[in-house]
Each structure stands twice: as structure tokens, then as C-alpha cells.
Amino acid sequence: MTTTDQRKRQVILAAHFPGVNNTTVWSDPDSGSQIDFDSFVHLARTAERGKLDFFFLAEGLRLREQRGRIHDLDVVGRPHTLSVLAALAAVTEHLGLAGTINATFNEPYELARQLASLDHLSGGRAAWNVVTSSDAFTGENFRRGGYLDHALRYERAGEFIQTARELWDSWAPGTVVADRATGTYVTDPRAGEFEHHGPQFDIAGRSTVPRSPQGHPVILQAGDSVEGRELAASTADAIFSRHSAFDPARAFYTDVKDRLATYGRDRDELKILPAVTYALGETEEEAQANAAAVRRQQVSPQTAILLLEQLWNRDLSAYDADGPLPEVDPDVSADSIIRGRAPMYKEPLKTAKEWRELADAHGYSIRDLVIHVTGRQSFIGTPAQVAEQIDTYVQAEAADGFILVPHITPAGLDPFVDSVVPLLQERGVFRTDYEGATLRENLGLPPARPASSTARARRAVSA
Ligand SMILES: Cc1cc2nc3c(=O)[nH]c(=O)nc-3n(C[C@H](O)[C@H](O)[C@H](O)COP(=O)(O)O)c2cc1C
């Protein structure tokens, strides 16, 4: 029995395994390993205890470098996404297992097989977050190497998903019948046969993995450009978005949902899931104090200098984080001192001027300033206030749900599951038990459309 109120829009919740960027607080005594399997198990089991929709892993294909050294806001190294998810399939029962995997450097035949295999092993819980991230520095790791420009990356990503869907469709439902008496295992002699000829992929053969429980694993998309939004609107089941403040979230939601009709899709066929952080307390004042304390932990003096260097594009290691901002301007003539991620600041001189004005007006030190201008907790309050904020976003169509990013690995989700989830359940907007057999069903998604219909819709739009 559930208490969900079908008149109200239901909230989707996922758990992001923390570990990169300065959201994660490694100095906290409660922080554990980002590599030990126990850490993954802890977060996944907590998520499943809270009836969350899925567990989510981001992907970093090369350790970033800053001034030629491994960028120490990253904790060094992490295991491969698909191996972790396959292992988690064995210790969870209902939780979706979502992995970020690059479409620029992989090949559809291999990745489609891996994802279909995960879908089999997990009984229909696999999801793929398609990213295109490409820079020559990251690309050096791969055989095809180097760089694809933005437009080409998206052409490749679109054709990659299309080809993967064709591979998944190459085994139609019900083509596998194991009849031991006659020794027949396959009723359709063409099962698994595929042929794809396109600008990015020209392949043919027979897929080895029979149709998996979801038919097609759930597909998420995480690019923010127009090309990324179009890719999501044409073919994804969900978007991992960075727009978490209410107004930008609502604008993003409307923008992307409005694109769906062009591809003959309903507004419910694509779920919008911003990444969010949270700080809780027994009173609002306590929550605000906790949020401020976490911000100071996240931006240690050393982190403040490292983050400032990313705008200034200079070695600022001689500066005191508790002192004033540098008087020298950012270096816009040199190559970026950070390698392995896109430059965050498009207009460094203008931004530096704004930061100096802000620091002067408030008497901010470097550290205070960085705390002020870099990310902050999305939801701050008592559990009841946070549950209300989440519900408000979803009812107001600013999101279909959220990907929660805790700041402590691996136990940072525990307080949320223990205190906020029950209140969302009481409000009738979150399940009290898993109802669907697969992730796709739990997310309220329709069965996957055949690859041929998605391709037709994409072709019609680009014509
Ligand atoms: C919310 C969000 C999460 C992302 N996560 C990853 C990731 O885990 N790994 C990765 O390689 N790229 C990641 N990306 C980068 C995208 O794949 C893409 O390369 C980048 O956003 C540039 O594409 P765009 O111009 O369409 O935004 C992420 C992007 C966004 C917006």
C-alpha cells in the first residue's frame, strides 16, 4: 500500500555519489573512502532504504591538472562506473543504477552490450547518462585521441544513442526461447542482426546480448547547450541539469519541455532533474548555521586560492586566503592553467572587477569572497522546510525531481533519507514502496520507443 496522492505530481529522487569538486568535504572526520566498495554500498543501500529512484555516478576520464599538478580539489582516482554499478546490482533490489559514460570516445557496439548486460544483471535497473565531454587533454587517453568540436560531438552523440537503440532492438521482445527438447534457443533466425551506416558509425553484425528487461536502458543527458537540449528532447528519458535555483530551473524546464512536441513526444516522456545540495537543522537558524559551516569546510584556505587561480589564470600560491584579493589582473594571454575541464569564466577581467567591488563593499577576504561566489546549498532548512521546497519546485513545474549531492562520502545522504523522505511521503508526493518492476516504470516513463521511430522524428526535424 502506498500513500502517494495521484492528484499531485510525484517527486523523483536520485543519489549522486560525491567525490569530485569542492562540494565534497574531505576534512570532515566522517568522510570515508571514494574507492572502497563499502562506500558505494553504503550510499546505495541508504538510497534504497529511502525508496529513491536511482544511484548516480559521474565520470571523470582524466585527472584534472592545475599549474601542472593533479588538481587537488579532486580526490585522486575512482573506479570504472560500469564495474561499480554491476557490483551494486548484487547488493540492491529495486534501486536504479545510473552511470555517466562518454559518447565521444566509446563505441556503440561495446557500450550497448555493456549497458544491456547491466540491465540483465540488475533485472531492469540500468541507466546511461550520455555526456560528450571532449577536450584534447582528456582525449589523449584514447585511441581516436584528441578533440572533436562541439557540433561534431553532438552529431556523434546523437548517432551513438541511435545506434545503441538499434542494437538493443536487434533482439525483438520474445525472440529468445530456450526449448531444450528440440534444442532450439532462438525462434527468430535474424535475432541480434543489425546494420548501421552513418557518418559516425558504419557497422554491421549480430549483437550477442538478448533483449534486456527494459528493452532500452533509461537514457539521461547532461549537456546544457542548445545542441544538448535538442539531443535530450529528441531521444533522452531524463536530463541531469545544473539549473537548481527556482527561476532558472523553471526557465530551463519550460525551454526543454517545449522542445518535445517537435519530436512527437509528450511532456512526461522527459524528466528534468537538477543536481541539488542541502543543509538541514532542527530549526531554520540551525540549518543556516550548518550551511555556513559546511561552506567554510568546502572552501578551505587552500581551496580558496585554487579556485581564485582558475579565474586569475595565475599562480596565487603566495597569497594569504585571509587577505585581500590580488591587485594584479587575471592573465588572459596565457593558456588556461587548468587542464581537463572547460574554462568556467568567459570574461575574466570583467568578473575579477566585479569580485573586487564585492570584496570592497563587504570587507571580504579571498576566502570570504570565494565562499560567497561559488556554489551554495540549494535547500536549507528544517526537514519540513526542505520537503516543502522540493514539493513546491515539482508542483510548480520547475523540476520533475532532483539528483541529491551530499557533501559527505558515503553517509551524507542518511539524514536526508531519515528526516526529509518521510515528510515527502506524508505529503503524498513520494512513494512509500517501489511499485514498478524496472527503473523505467518507477520513473513513470512509457516503454522505450523503437529506434526506428526516434530516428524518423530526428530526421524530420533536421530536414
Ligand atoms: C549537470 C552536468 C553534469 C555533467 N557531468 C559530466 C560528467 O560526469 N562527466 C563528463 O565527462 N562530463 C560531464 N558533463 C559535461 C557534458 O558532457 C558536456 O561536455 C558539457 O556540458 C559541454 O556540453 P554543452 O555545451 O552542451 O553543455 C556534465 C554537464 C552538466 C551540465
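Cβ coordinates are placed from backbone N, Cα and C, and glycine is handled just like the others.
Caution: TrEMBL annotation is automatic and unverified by curators.
Residues or ranges marked as domain 'Luciferase-like' by TrEMBL: 29-396. Here TrEMBL flags THR100, HIS150, TYR154, SER225 as FMN binding site. Per TrEMBL, the feature region 'Disordered' maps to 441-463.
Feature map: annotations from TrEMBL on the structure.
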residue	record	CB count, 10 Å
THR100	FMN binding site	20
HIS150	FMN binding site	13
TYR154	FMN binding site	21
SER225	FMN binding site	12
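Panel annotation: around the region 'Disordered' (441-463), residues 10, 12, 53, 94, 96, 158, 162, 165-166, 168-169, 214-216, 218, 230, 234-235, 237-238, 262-266, 268-269, 271, 431, 434-435 of the same chain, lying at least six beyond its termini, place a Cβ under 8 Å from a Cβ of the stretch.
Taking THR100, TYR154, SER225 as the candidate binding-site residues, the subset whose CB lies under 6 angstroms from any atom of ligand 1 consists of THR100, SER225.
The average per-residue pLDDT of the prediction over the domain 'Luciferase-like' (29-396) is 93, rounded to a whole number. Residues THR100, HIS150, TYR154, SER225 are listed as the FMN binders, and the farthest two of them sit 18 Å apart at their Cα atoms. Residue counts of the region 'Disordered' (441-463) by helix, strand and coil are 14 helix, 0 strand, 9 coil (DSSP-based). THR100 (FMN binding site) falls within a strand when secondary structure is assigned with DSSP. The DSSP secondary structure for SER225 (FMN binding site) is coil.
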